[in-house]
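Inspection log for the structure reproduced underneath, given as structure tokens.
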Amino acid sequence: MTVGLLKQVYDGIFNSNSTLISKPKGVLNVACLLTQVNTGAAEVLYSAVGEWAQLDQDSTVLDVCCGTGTIGISLAKRVKKVIGIELCQEAVEDAKMNAKLNDLSNVEFHCGKAEDVFPNILNALVSPNVTAIVDPPRAGLHSKVILAIRRAEHLKRLVYVACNAKAAMSNFVE
């Protein structure tokens, strides 16, 4: 089953009982992103991503197509470092503000096309415990990103969140 979700919650991420489970405060609705209003689905997705990624305190997470950073921010306290990559400058600014509001110092965000930024960041990492979490737009990942993932010998795990099963399947076959 493919779970698709585009994110953003104004006051935090809540579970189905309206209990706050994560506090990305100050997340703004950025025009270039869609807004996730189904907080129950967000809770399930973020929990599943965390489980599948099998992270620990030595992990470095590459959050590709990160939007306002909610997936990486929700995992940041469990890992050594989170590096987010996003095309939309306004989303990157909001992601940085969200990390600051949550007192996270192990998170950084880069603005640019994933196909340009991801290979450079991946090649510069010296961490032996790297996990990539990708949450691409409906069109899927650019072939250069797929190629960089395949060539990355030190990439331990990949978690792919898809909102378009056909694009995801194309990426898997590439």
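Even glycines carry a Cβ here, placed using N, Cα and C.
TrEMBL: automatically predicted annotations, no manual curation.
The active site annotation in TrEMBL covers Cys163.
A simple way to gauge crowding: the CB of Cys163 (active site) has 17 other CB atoms within 10 angstroms, across all the protein chains here. Per TrEMBL, the feature active site, nucleophile maps to Cys163.
Neighbours of Asp135 (S-adenosyl-L-methionine binding site), defined as other CB atoms within 10 A of its CB across all chains, total 24. Residues annotated as S-adenosyl-L-methionine binding site in TrEMBL: Gln36, Glu86, Asp135.
The domain 'Methyltransferase' feature in TrEMBL is assigned to 56-121.
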Across the domain 'Methyltransferase' (56-121), average pLDDT on the 0 to 100 scale: 93
Neighbouring C-beta atoms (10 Å sphere around the C-beta of Glu86 (S-adenosyl-L-methionine binding site)): 29
Between Cys163 (active site) and Asp135 (S-adenosyl-L-methionine binding site): CA-CA distance (Å): 8
